[in-house]
């Protein structure tokens with residue numbers, strides 16, 4: 001970047017690199033870990049931390065009252081995310097840990113394991129290789145705010161806290177139907193999850209503590225403790241109603257666990273809108289520019305401005321514009337580069353529409369260093385596109401635009417003088433649609449993380465969807481489904 005040249009151009013590669021590799025978040029998390037663990041050799045610790053490459057592995061607490069489905073959700077989540085499933089019981093199953101032996105001695109005496117010891121146990125277990133590399137889902141712990149605070153003091157903090165919830169009467173009815181397989185400890189239910197294998201049915205027994213009175217006592221204890229836990233983890237928690245089919249519950253749990261917390265990293269929006277003609281790209285871009293100060297870059301508009309300003313490039317492309325021909329890509333890219341690399345665009349971000357229209361143009365844009373961090377496809381059926389555009393007319397006197405269905409002319413004399421823009425004839429609209437469909441799939445493959453928005457609804461509803469994806473981080477990518485042998 002040459003500070004002596006005017007106008008000042010900001011190389012786009014710096015911001016793209018920092019955002020693509022999460023440089024800000026890497027440094028922030030590394031400093032957090034150093035301050036929490038306080039290693040004797042912080043330099044080597046940071047090197048090891050970077051080598052582990054485990055900042056994005058799942059770290060999940062799943063809590064809930066009895067019979068809320070904690071075990072089922074934890075198992076499904078671990079299977080889908082390839083994470084380690086932890087419970088207080090299996091944490092105490094180690095036969096080599098001195099801390100486990102100390103905890104077992106309390107249990108042998110019929111005493112509660114102290115919260116401080118629980119925190120050390122969890123810290124020890126979560127420091128093992130499987131939890132570090134694959135992440136973990138901890139079911140049913142912590143149970144109290146004191147335990148949660150002890151975990152925090154030990155440096156154990158979840159990325160997500162899932163709290164399962166349902167009316168007490170539903171939970172009591174569920175709990176009374178619970179059955180346990182005495183051979184492997186698997187949980188079944190007389191109504192919702194009865195095994196088909198007669199051999200398994202014979203192994204099922206009714207667990208202790210599922211009577212209505214005992215379940216009610218456990219529910220009271222849960223309701224007494226959960227407000228404190230929610231206060232402790234207020235920024236990473238979500239309540240999910242489990243009085244619905246369990247796969248619907250799991251879908252909500254998985255969506256939440258894959259979500260990312262809002263980063264403190266500097267974020268400059270670089271937005272690409274594409275879609276069929278008439279999908280509302282220009283309107284959405286103007287709404288974004290109006291609300292957030294993002295620089296609105298319409299490809300067709302900046303080409304016309306270059307011609308009107310009589311720049312050197314404008315003079316070169318003027319014949320193409322006047323004859324309604326496609327401007328060569330290299331000219332378009334040079335003009336767009338001036339806008340995309342301007343100081344205002346680097347400072348406030350940009351929203352681009354009208355370019356690229358195919359993968360060749362997208363590759364040119366990428367080679368120039370301009371990669372969007374949000375790509376939206378405004379989806380609209382061909383019938384709706386043709387209806388929107390072919391019925392659109394303009395009043396040559398006032399310049400006002402009308403539509404035969406959505407905004408008819410107010411008076412008959414206005415209606416009689418309306419004229420149609422030739423590019424909105426049904427034949428030309430269909431030709432533009434054919435060009436769009438010929439390239440849409442390849443463009444989506446090029447950009448991969450394309451966010452599809454249904455554009456056949458109120459434009460402000462569409463804007464709210466777009467806005468929600470801009471102000472929040474994109475969710476984590478879901479790992480491949482494990483294949484059965």
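We number each residue from 1, going along the chain as drawn.
Positions of Cβ are set from backbone N, Cα and C atoms, glycine also.
Among the residue ranges 28-57, 298-327, the one that Swiss-Prot annotates as region 'NMP 2' is 298-327. The two recorded residues, residue 355 (AMP 2 binding site) and residue 281 (ATP 2 binding site), show a Cα separation of 11 Å. Separating the Cα atoms of residue 282 (ATP 2 binding site) and residue 357 (AMP 2 binding site) is a whole-number distance of 15 Å. For the region 'LID 1' (177-206), the list of distant contacts is 67, 71-72, 246: same-chain residues at least six beyond its ends, Cβ to Cβ under 8 Å. Of all Cβ atoms in the protein chains displayed, 17 besides its own lie within 10 Å of the Cβ of residue 140 (AMP 1 binding site).
When Cβ atoms from all protein chains are considered, those within 10 Å of residue 147 (AMP 1 binding site) total 21, not counting its own.
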